[in-house]
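**Student:** According to TrEMBL, the record shows the following:
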type: BINDING; residues: ASP28, LYS33, THR84, THR120, GLU154, LYS266, ARG333; note: NAD(+) binding site
type: BINDING; residues: PHE151, LEU152, ARG153, GLU154, LYS207, PHE252, LEU253, GLY254, ALA255, GLY256, GLY260, LYS326; note: substrate binding site
type: ACT_SITE; residues: CYS263; note: active site, nucleophile
type: DOMAIN; residues: 319-420; note: domain 'UDP-glucose/GDP-mannose dehydrogenase C-terminal'
Amino acid sequence: MTVIGTGYLGATHAACMAELGHTVMGVDVDKHKIASLARGEVPFFEPGLPAVLERNIAAQRLSFSTDYAEAAAFASVHFLAVGTPQKRGSYAADLSHVEDVITELVPQLRGKNTIFGKSTVPVGTAAHLQDMANELVAPGASVEIVWNPEFLREGFAVKDTISPDRIVVGHAGTTDVEAIAREIYAQPLSQGTPLLVCDLQTAELVKVAANAFLATKISFINAVSEICEIAGADVVPLAKAIGIDDRIGSKFLGAGLGFGGGCLPKDIRAFMARAGELGADQALTFLREVDAINMRRRDRCVDMAKAAFGGSLLGRRVTVLGCAFKPNSDDVRDSPALSVAGSLSLAGAAVSVYDPQGMDNAKKIFPTLDYAESARAALTEAELVILATEWQEFRDLDPAATAALVSRPYLIDGRNVLDIDAWQAGGWQVKALGRSL
Ligand code: UGA
């Protein structure tokens, strides 16, 4: 098989399919990315992935190429894993990379081929790509497009790919797609992972519906947070209490700075845009509110920082712990932590940032912030500390030792993960989103 597009999703999928015993070629138009992967180097931070990559290159189950002709000759099963970012100036998804793959690959295919789409796309895209493929396919060859959405989480990408909690395959044909899927995913299926077979549209929608639900759950608890702050309540025990009801469940009820990353924000916007195109915009107008609640948490954190200095941040030394959108990732796309750091800086604060993995990427987006070499260096002489990404290293900080580094022990817990009593006992004044302390 080939895996076309070797970003977070594709590089992980290629390495993990090889780990499952398949012979895999990773394909990308980015020569640098392909050269790095072929050397066994993962060009982003993903725990466990480098070992899987190296092991499978060494076993000669995994190779890389930038050549579509080579890809077409190599396999009859092709995974489509290129990005579908938000279009500039619009909420809709940019499908140009997905279309480019079809345009380049399909004319070169011979015999019978199946393309498994993994990218997150608006409903209707697979049918559109099938129409494109039918126009482009060589005489005597055939191509069937099926949709096989991906549910991996950054930070757990290897585990989520090798042992997914479900496999969804959507198709429009009468061919043996299910048999091919069963062969590809034989190992997880033998371990009990359910396979759900449906039509193309349903498979496309499963993915965006899942991400929209997760985003809604986070914004729900963050909306309740807003009320807690005004009413003098505490969102942390509240979330625990409602999460015990297994109809609600405790996961994704972590109140704080809200969601970011390369998926949830763009996916809810693309979902709304597609609903509008289908004439059903009312169905998803609530997602606009989900987005707005999420963005308001960042503003609220900046307001709390201002209040910590009586209203003005001018010239104040503020340390922001974390700039990745979540721990165990170097991804800063739409990161709440980086957004807060940037806003504080624009409001006149001298902002020092430290993140174990995200700083190289953050420097490209926000070069004007001061990036420290260590948490200790970032904390030294701070007048306010904001925990913005809940890396274990920050959760493990010792309140008394940290108080000795700063010039004023004032903390905002933007992720509600610290032991407030211990920090208060260590001499800190503590504020947190959604809590009355
Ligand atoms: C998300 C989905 O969880 C995956 O299932 C999906 O495959 C992926 O998007 C995708 O579409 O590719 P990911 O972006 O890696 O995965 O991140 P999540 O773990 O979902 O976290 C998203 C954001 O929500 C983070 O910024 C995190 O800090 C925030 N979050 C999460 C909260 O604010 N509170 C919570 O309780 C949980």
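If you go along the chain as it appears here, the first residue is 1 and each next one adds 1.
Cβ from N, Cα, C; glycine included.
Remember, TrEMBL labels are computer predictions, not curated facts.
Map the listed features onto the structure and describe their local environment.
**Tutor:** Residues within less than 8 Å, Cβ to Cβ, of ARG333 (NAD(+) binding site) and separated from it by at least 6 positions along the same chain comprise GLY260, GLY261, GLY262, PHE325.
Residue density at GLU154 (NAD(+) binding site): 24 other Cβ atoms are found within 10 A of its Cβ, drawing on all protein chains shown.
Using a 10 Å Cβ-Cβ cutoff, CYS263 (active site, nucleophile) registers 25 neighbours. DSSP assigns CYS263 (active site, nucleophile) to coil, not to a helix or a strand.
Shown for the domain 'UDP-glucose/GDP-mannose dehydrogenase C-terminal' (319-420): DSSP residue counts in helix, strand and coil, namely 35 helix, 18 strand, 49 coil.
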**Student:** Here the binding-site residues are LYS33, ARG153; which one has the lowest number of other Cβ atoms no more than 10 Å from its Cβ?
**Tutor:** ARG153
**Student:** Quick one: largest C-alpha distance among PHE151, LEU152, ARG153, GLU154, LYS207, PHE252, LEU253, GLY254, ALA255, GLY256, GLY260, LYS326, binding substrate per the record, in angstrom?
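**Tutor:** The span, Cα to Cα at its widest, is 25 Å.
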**Student:** Considering all pairs of residues in ASP28, LYS33, THR84, THR120, GLU154, LYS266, ARG333, annotated in the record as contacting NAD(+), what is the maximal C-alpha distance expressed in whole angstrom?
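**Tutor:** Answer in Å: the longest Cα-Cα distance is 24.
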**Student:** For CYS263 (active site, nucleophile), which of the listed binding-site residues (THR120, LEU253, ALA255) have their CA atom within 10 A of its CA?
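**Tutor:** Passing the 10 Å Cα cut: THR120.
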**Student:** Let me make sure I understand the structure: which of the binding-site residues listed (THR84, THR120) has the fewest other Cβ atoms within 10 A of its Cβ?
**Tutor:** THR84
**Student:** Given the binding-site residues PHE151, ARG153, LYS207, LEU253, ALA255, find the one whose Cα is closest in space to the Cα of LYS33 (NAD(+) binding site).
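**Tutor:** Going through PHE151, ARG153, LYS207, LEU253, ALA255 one by one, the Cα closest to that of LYS33 (NAD(+) binding site) is ARG153.
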